[in-house]
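Asks: Okay, handing you the structure first.
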Amino acid sequence: MANNRNELNKNLAQMLKGGVIMDVTTPEQAKIAQDAGACAVMALERIPADIRAAGGVSRMSDPAMIKGIQEAVSIPVMAKVRIGHIAEARILQAIEIDYIDESEVLSPADDVYHIDKNRFDVPFVCGAKNLGEALRRVAEGASMIRTKGEPGTGDVIQAVRHMRTMNKQIRELVSLRDDEVYEAAKQLAVPYDLAKYVHDNGRLPVVNFAAGGVATPADAALMMELGAEGVFVGSGIFKSGDPAKRAAAIVQATANWQDAELLARLSENLGEAMVGINEDEIETIMAARGE
């Protein structure tokens, strides 16, 4: 039964392909995201830029706040739990959240083990910097992968690095002889059947989105160019001058990433972009959490 549920969850996540998932902190923001064409929203009390600025321990959001967002929109609602925090995940499943993001943006609850996602009915999203991380999360039951990037910075460089790393490792795995895949699986520290799937199909067994530092329509188009199947936008929208216009532009750019003339028009007069943090200035590297 768990296997059937896992396959169903993977197929559910496929329906989000080509879309944009936006971080929102209020029902009003959720409505702006829905009106802009977001395929889902991520409900959280503080966007990554504020979590980074505040420091301290960041935890799952208040269920009452999440319910307010669920009631405000008809699109799927996601919410984050700390890495390894089984109880937080059970709470979110109990309030009928659509997807759970086991997220490095929050303070990890367990520095060794991730949640056994196969024991849940609700689909999980997890971050990854490379192919090994991605396939380990899939083995644990993740229905969707996203690059970790570096959340709350407005700097897309790490998302680019993670996507390119994953693509390179996939190409390397595809190029191997069949009998070499066993050793590759061992080196990646992943189950053989998942390594074999990538070898045979040239892609992950689940949807792969881009996340971390996407702040402009051009950033979204770049990640699609590099093979992302959709985009998460966190701080980039509601930390900008004109959130509604920027949100709609990023949705359009993600769907039409090959149309440079349209991208040029979408990039005009968007108001002030979020103030970013350069990679060299980052004090806390969130992407290093939960490998």
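Yeah, the Cβs are placed from backbone N, Cα and C, and that goes for glycine too.
Fair warning: this is a prediction, and the values are worked out from it, not measured in the lab.
According to Swiss-Prot:
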type     : residues                              : note
ACT_SITE : LYS80                                 : active site, schiff-base intermediate with D-ribose 5-phosphate
BINDING  : ASP23, GLY152, GLY213, GLY234, SER235 : D-ribose 5-phosphate binding site
BINDING  : ARG164                                : D-glyceraldehyde 3-phosphate binding site
Asks: Across all chains shown, how many C-beta atoms besides its own are within 10 angstroms of the C-beta of GLY234 (D-ribose 5-phosphate binding site)?
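Replies: The answer is 29.
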Asks: Counting across all protein chains shown, how many other Cβ atoms sit within 10 Å of the Cβ of GLY213 (D-ribose 5-phosphate binding site)?
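Replies: I count 29 other Cβ atoms within 10 Å of it.
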Asks: Near ARG164 (D-glyceraldehyde 3-phosphate binding site), which residues of its chain come within a Cβ-Cβ distance under 8 Å, counting only those 6 or more away in sequence?
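Replies: ARG164 (D-glyceraldehyde 3-phosphate binding site) has long-range Cβ partners LEU226.
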Asks: If you measure LYS80 (active site, schiff-base intermediate with D-ribose 5-phosphate) to ASP23 (D-ribose 5-phosphate binding site) at Cα, how many Å is it?
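Replies: About 10 Å separate the Cα atoms of these two residues.
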Asks: Identify, in sequence order, the residues in the chain of ASP23 (D-ribose 5-phosphate binding site) that are 6 or more apart from it along the sequence and have a CB within less than 8 Å of its CB; answer 'none' if there are none.
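Replies: The answer is VAL41, MET42, LEU44, ILE47, PRO48, PHE232, VAL233, GLY234, SER235, ILE237, PHE238.
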Asks: If you draw a 10 Å sphere on the Cβ of SER235 (D-ribose 5-phosphate binding site), how many other Cβ atoms land inside?
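Replies: Excluding its own Cβ, the number within 10 Å is 26.
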